[in-house]
Amino acid sequence: MIGVVGAGAFGTALAIALSKTGKDIVLWARSDRQAHEMAELRCNRVYLPDAPFPDGLRVTSDLNEVTAATTLLLAVPLQHLRGVVDLLSPGDTPLVACCKGIELASGKGPTGIIADTRRDQTAAVLTGPSFAADIAIGRPTALTLACADDTASASLQSTLTTPSLRLYRTTDTIGAELGGALKNVMAIACGAVMGAGLGDSARAATLTRGFAEMQRIGSVFGARPETLSGLSGLGDLVLTCTSELSRNYRFGLSLGRREAFDPKTTVEGAATAKAMLQIARDANLDVPITKTVTALIDGDTQIPEAIAELMQRPLKEE
Ligand SMILES: NC(=O)C1=CN([C@@H]2O[C@H](COP(=O)(O)OP(=O)(O)OC[C@H]3O[C@@H](n4cnc5c(N)ncnc54)[C@H](OP(=O)(O)O)[C@@H]3O)[C@@H](O)[C@H]2O)C=CC1
Ligand SMILES: O=C(CO)COP(=O)(O)O
């Protein structure tokens, strides 16, 4: 049995996709009300209303029901991952974090957060270019499964692959996590550029220089270049910086247009930008786009000043 902890858009989509293959899947929501409603309506009205549940998909708000799982997918926003891990009884079930970001308080990514309290439990991360709505209706999607232990990784890869969900694996958890975290920061930047009406050329420049920033950060922290240029890095960067289905991109659009944005929407890149800026300062690393995104979010700069500053940086080699 596979347990999916977190019944937001991504957890629900993964549960549906896996359940369609006939696997025994239990989807956990933290609220009784949501679990009951999903059981009754056989869909997730709040987060994924257009994707009906396969008959076999079970839903619960009782964590005991997922304790027998042989694999646990943790699909909650990164800043809440630590709290969710703490709710689970320790054991030997592999924990697969399905979230993207860097924790503000610790500067850690998903597998680092898990390892803090579950050093002996297998920790993996599932990341890459994929909108929940696409996964849920069976559109073809390719993702990265990153786990330091390649034997465990190969087993998870085969367990979680479906006819429409193709998983590639890597032992480079640092690269996969940094790619997934930082692409959201760059998506906010690209959204802001488009929201401010600066045009497609400016977005292409932001995306490309954003990727250069990701590579610079990655090389300092030991990410493999091929991971950053793979699905979890470049692949997800391209998707998220160019589609209005992305919440990070839409948040950026709202910044560029100086419009309000629903604070209940999950926007992983906002906290990640702050966390990354702190890490970069400590490491004496130049991260102009991350710095600009943080300043825009905090209201410490506006688009015209931010662009002028980026355009007037000292000239250098590409
Ligand atoms: N949506 C997508 O297309 C994709 C999302 N992801 C990643 O998946 C992760 C989850 O995002 P997503 O599912 O989209 O987010 P959603 O906003 O759709 O859902 C968030 C879920 O997390 C739950 N949650 C929030 N806070 C807590 C908490 N403190 N304890 C337990 N559960 C909590 C929410 O429960 P409640 O409803 O009760 O508040 C809800 O079920 C993110 O890191 C995101 O980057 C990755 C790929 C695609
Ligand atoms: O991570 C995603 C696509 O791969 C989803 O992006 P958003 O969180 O910006 O919606």
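Each residue, glycine too, has its Cβ placed from N, Cα and C.
Residue counts for the domain 'Glycerol-3-phosphate dehydrogenase NAD-dependent N-terminal' (2-151) by DSSP state, with H, G and I taken as helix and E and B as strand, are 50 helix, 32 strand, 68 coil. If you look up TrEMBL, you'll see 2-151 marked as domain 'Glycerol-3-phosphate dehydrogenase NAD-dependent N-terminal'.
Of all Cβ atoms in the shown protein chains, 21 besides its own fall within 10 Å of the Cβ of ALA9 (NAD(+) binding site). Marked as NAD(+) binding site by TrEMBL: GLY6, ALA7, GLY8, ALA9, PHE10, GLY11, ALA132, ARG247.
Under the heading NADPH binding site, TrEMBL lists PHE10, ARG30, TYR47, LYS100, ALA132, ARG247, GLU268. Here the Cβ of ARG247 (NAD(+) binding site) has 22 other Cβ atoms within 10 Å, regardless of which shown protein chain they belong to.
What TrEMBL lists as substrate binding site is LYS100, ARG247, ASN248. For ASN248 (substrate binding site), the same-chain residues that are 6 or more apart in sequence and have a Cβ closer than 8 Å to its Cβ are ASN184, VAL185, ALA187, ILE188, GLY191, THR240, VAL267, GLU268, GLY269.
Around the Cβ of GLY128 (sn-glycerol 3-phosphate binding site), 26 further Cβ atoms fall within 10 Å across all displayed protein chains. As annotated by TrEMBL, sn-glycerol 3-phosphate binding site applies to LYS100, GLY128, SER130, LYS183, ASP236, SER246, ARG247, ASN248.
Marked as domain 'Glycerol-3-phosphate dehydrogenase NAD-dependent C-terminal' by TrEMBL: 172-307. Remark: secondary structure over the domain 'Glycerol-3-phosphate dehydrogenase NAD-dependent C-terminal' (172-307) totals 103 helix, 0 strand, 33 coil, with classes taken from DSSP.
Summarising the annotation, TrEMBL assigns active site, proton acceptor to LYS183. Neighbour list (LYS183 (sn-glycerol 3-phosphate binding site), Cβ cut-off 8 Å, at least 6 residues apart, same chain): LYS100, MET214, GLY233, ASP236, LEU237, THR240, CYS241.
SER130, SER246, ARG247 are the binding-site residues among GLY11, SER130, SER246, ARG247 whose C-beta comes within less than 6 Å of an atom of ligand 2, given in sequence order.
Candidate binding-site residues: GLY8, PHE10, ALA132, ARG247. Those with a Cβ under 6 Å from ligand 1, in sequence order, are GLY8, PHE10, ALA132. Closest by Cα distance to TYR47 (NADPH binding site), from the binding-site residues GLY8, GLY11, ALA132, SER246, ARG247, is GLY8. The binding-site residues close to PHE10 (NAD(+) binding site), defined as a CA atom within 10 A of its CA, are SER130 out of ARG30, GLY128, SER130, SER246. Note: the substrate site is recorded as LYS100, ARG247, ASN248; in the same chain, ASN184, ALA187, THR240, SER246, TYR249, PHE251, THR266, VAL267, GLU268, GLY269 also have Cβ atoms within 8 Å of that site's Cβ centroid. The binding-site residues PHE10, TYR47 differ in how many other CB atoms lie within 10 Å of their CB, and the one with the most is PHE10.
In sequence order, the binding-site residues near ARG30 (NADPH binding site) (Cα within 10 Å of its Cα) are GLY6, ALA7, drawn from GLY6, ALA7, GLY128.
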